[in-house]
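Visitor: The structure under discussion is supplied below as structure tokens; questions concerning it will follow.
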Amino acid sequence: FLSVTEDLVRRRAEHNNCEIFSLEEISLHQQEIEKLEYLDKWCRDLKILYLQNNLIPKIENVSKLKKLEYLNVALNNIERIENLEGCEELKKLDLTANFIGELSSIESLKHNIHLKELFLAGNPCTEFEGYRQFVVATLHQLKYLDSKEIERSERIKALQDYPEVKQKIREQEQIYLLKRAREKEEAERRMQERKDKKQKQMESKLGFDSPDSPQEKENHHAEGDGDQETCRTVEDDEEDRRFWEEPTPYTPESRLETHRYIEEKRRAKDNTRESKKNEKPPWTLVTAEGKVLNVNVPKLHFSLKDDEENNQFILELAVYRYLDTSLLDVDVQPTYIRVLVKGKPFQFVLPEEVKPGSSSAKRSQTTGHLVVTMPKAKEIILAKQKVSASIKHSDCNTLQKNARRSGKVEKLEVDPSKYSFPDVTKIIQEKERTGQGPIKLQPEKITEVKK
């Protein structure tokens with residue numbers, strides 16, 4: 001069963017900075033609570049307590065709440081009014097839609113001298129003949145019963161008829177209590193039947209009551225999971241239909257049984273979902289015909305660059321920056337590349353054959369991306385100009401190295417034939433010259449500019 005926990009109380013005490021010792025108001029409605037406890041130890045200063053729409057069968061462990069003014073336990077499984085004598089400041093008590101049939105138990109509220117409002121609507125006792133007169137005559141301090149004000153004349157009349165009404169209430173109570181005893185027996189029988197049925201189902205699933213040989217069992221098992229899944233779904237639907245369509249009396253037991261059934265179904269569904277989540281899907285990387293597929297299970301961005309100058313392919317895979325390199329597994333084949341990122345495959349079919357032995361894989365120091373260089377299998381003869389340029393470049397490097405070794409300082413000279421820079425001195429002189437009179441076009445100078 002579910003009871004009140006400290007964690008639940010703290011979560012519900014957000015308005016009080018999650019402090020529970022000084023809490024004055026708390027709402028614990030719709031929490032599936034089946035036992036009321038600990039609140040009288042943790043929250044001694046409580047003034048308002050909401051516990052509606054739970055599964056509480058008994059009022060208990062609230063007698064030490066001396067400051068409690070309003071208690072709401074509507075829509076629970078309470079059958080008696082009890083254990084409220086210690087709530088000295090209690091002014092309002094809501095017991096709407098419970099199972100109170102023992103109406104004489106309201107006599108325990110005589111000690112709550114400040115009680116002004118009482119709600120009992122929706123309880124079996126409200127069907128008793130003389131219900132209102134009995135309550136009005138028993139609790140002199142009440143001002144309102146089921147939201148209706150108690151007039152002075154009504155109280156006088158109720159007190160006059162009290163002995164007669166009390167006798168009637170006692171008789172009706174006895175009839176109700178006998179009925180409740182039968183309902184409890186019926187509920188126990190139904191629970192036992194459900195347990196036995198479940199036990200049989202478990203045994204049949206495990207094969208205890210099956211006379212099949214091991215070979216037959218293997219054959220049954222090999223028929224396929226799909227059929228079993230369908231069969232299970234049909235069984236579940238049938239069980240659901242039976243449970244919800246079967247007529248049952250509205251009792252604390254049936255209410256609890258319904259809650260347990262829903263909870264059981266929810267857990268079964270969660271377990272199925274969890275098991276499906278944990279199952280690793282079978283990744284198809286190569287078809288039955290031997291065709292290699294493009295696969296990106298880790299869903300990573302990537303780019304493939306065709307480096308024609310160096311006759312190679314460069315694959316850049318955007319793996320996570322802080323991913324440990326040990327969680328990467330690179331496999332280069334002549335026609336495709338496969339990278340396992342934390343066990344998830346990334347596979348890409350290359351447009352041309354490569355040399356797996358000459359390939360290299362590195363991690364970028366800035367982005368953390370995986371960069372795989374794969375030389376092409378097909379050799380390409382480079383152009384002469386490029387070769388000569390590379391030779392010149394290498395010669396230049398050797399010259400620089402020799403110069404460093406000899407200790408001489410080499411100056412970088414610019415070839416004037418390749419670059420034309422404007423002569424600043426000439427421009428200034430020309431400006432001085434042209435400033436003396438009107439500008440005249442000089443064809444010789446224009447041709448020089450063109451050159």
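Placement of Cβ uses the backbone N, Cα and C atoms for every residue, glycine included.
Pasting the feature list from TrEMBL:
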REGION    183-257  region 'Disordered'
COMPBIAS  183-203  compositional bias 'Basic and acidic residues'
COMPBIAS  214-245  compositional bias 'Basic and acidic residues'
DOMAIN    255-376  domain 'Dynein axonemal assembly factor 11-like CS'
REGION    431-451  region 'Disordered'
COMPBIAS  442-451  compositional bias 'Basic and acidic residues'
Visitor: So, by DSSP, how many helix, strand and coil residues make up the compositional bias 'Basic and acidic residues' (183-203)?
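Guide: Each residue of the compositional bias 'Basic and acidic residues' (183-203) counted once, the result is 21 helix, 0 strand, 0 coil.
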Visitor: Quick one: DSSP breakdown of the domain 'Dynein axonemal assembly factor 11-like CS' (255-376) into helix, strand and coil?
Guide: 30 helix, 45 strand, 47 coil
Visitor: Average pLDDT across the domain 'Dynein axonemal assembly factor 11-like CS' (255-376)?
Guide: 87
